[in-house]
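First up is the structure itself, then whatever we jot down about it.
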């Protein structure tokens with residue numbers, strides 16, 4: 001028995017010692033000297049290999065952390081006391097109301113009003129500390145339907161660019177690292193025409209605004225203009241093998257799930273080997289090309305740090321646009337005005353104005369911290385730029401000092417495209433994702449990606465086809481395929 005009482009006494013003393021130690025950690029009204037003096041003395045008395053200046057800095061930082069936690073603890077206690085006081089007041093008011101024989105509905109209304117006041121006060125208290133955290137994560141609870149409709153398989157290497165014809169018949173064009181460009185039937189997925197005039201990677205493809213002409217840019221330092229004639233096949237009934245999947249759902253897949261798509265589906269389609277016009281003024285890879293409004297001139301962007309403006313009829317160089325410090329990555333023309341925007345690895349994009357024949361002005365914009373992979377015009381006076389710094393920025397041409405919206409993502413951005421009519425931005429990423437945002441920076445949807453559908457490697461580019469009834473968004477990637485998606489745009493805008 002004495003032994004047991006002694007052990008109980010020892011355990012009790014140890015428990016009290018632990019309790020007093022834990023209480024000493026949670027002190028709330030100690031002075032500055034008490035907070036920092038004892039730990040500093042204890043730590044300074046211990047052996048350490050850290051320099052005294054480093055130790056002093058660490059002690060100061062730990063002291064600041066402790067003070068921050070202490071302030072939060074005090075604020076928490078004060079809020080708890082206010083809650084208790086309010087509960088007591090509500091209880092007292094409930095008794096008084098019962099004595100006056102008021103209805104339960106009146107009591108419920110009064111209690112709800114007081115509770116809402118407390119809720120508002122709590123929200124106000126913590127609003128300042130949380131607003132900075134959530135400001136970069138504007139999202140919506142949209143469950144928009146994004147359905148994979150058709151896969152376009154036939155290239156032997158990655159696809160850099162995808163584009164949709166602006167005239168009838170509406171066809172899909174793809175530019176590939178296998179040195180070819182292909183035209184496709186959107187409905188059937190059958191390849192219609194193969195262009196083999198380049199001896200380097202085909203990096204870009206754009207269709208003439210009113211004629212059956214295609215403009216391709218290549219790693220062979222040239223841009224080609226070639227004419228095509230296609231006969232669309234009769235569409236066959238399509239069996240829907242994919243289920244409608246919400247744009248926010250995703251199933252991860254690995255590269256080893258990639259299907260074998262080495263077969264050359266395009267081997268039996270007509271081939272065009274000679275261009276109508278060849279543009280040859282660059283001294284480096286031509287990474288992109290586009291038609292100016294009207295289709296009488298073209299602009300090309302090159303790794304030789306210049307962009308060139310050509311006359312289509314004569315193939316002559318009209319202007320050489322110099323000024324970028326590093327390789328160009330993309331070029332884009334305004335749909336209704338003689339404006340050109342070029343992007344570069346020098347972290348800038350430039351706006352070139354050819355509206356006045358006698359004055360060719362240029363404006364430089366430095367809104368990114370890494371390579372600007374693309375900058376495109378939208379309807380009206382907006383420009384959207386994407387970058388390897390994982391941001392997309394929306395700019396107003398009338399005031400380009402700062403963006404009107406910034407979209408922050410988790411992966412580098414490749415060639416973006418904007419749905420002009422609905423003002424929806426499609427963002428292809430290095431991490432195989434494709435996300436849709438509105439012009440204010442709110443995410444609308446994410447295209448589904450799983451082992452059964454979606455891209456299996458980097459998504460390089462996207463293109464909208466706003467009037468096509470079957471597919472209205474096309475994406476391409478380095479998995480050697482292009483994909484047509486049906487996006488429920490009215491549902492997107494209604495849910496937003």
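Please read every residue number as a count from 1 along the shown chain.
Glycine residues also receive a Cβ, built from the backbone N, Cα and C atoms like all the rest.
Unlike curated records, TrEMBL annotations are generated automatically.
Pulled from TrEMBL, these are the features on record:
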type	residues	note
REGION	1-50	region 'Disordered'
COMPBIAS	1-13	compositional bias 'Polar residues'
COMPBIAS	22-31	compositional bias 'Polar residues'
COMPBIAS	32-47	compositional bias 'Basic and acidic residues'
COILED	69-96	coiled coil
REPEAT	152-194	repeat 'WD'
REPEAT	195-226	repeat 'WD'
REPEAT	279-320	repeat 'WD'
REPEAT	321-362	repeat 'WD'
REPEAT	365-405	repeat 'WD'
Secondary structure content, the repeat 'WD' (365-405) (per DSSP, counts of residues): 0 helix, 21 strand, 20 coil
Composition by DSSP (helix, strand, coil) of residues within the repeat 'WD' (195-226): 0 helix, 17 strand, 15 coil
Secondary structure content, the repeat 'WD' (279-320) (per DSSP, counts of residues): 0 helix, 22 strand, 20 coil
Summary of DSSP states over the repeat 'WD' (152-194), given as helix, strand and coil counts: 0 helix, 21 strand, 22 coil
Residue counts (helix, strand, coil, in that order) that DSSP gives for the repeat 'WD' (321-362): 0 helix, 25 strand, 17 coil
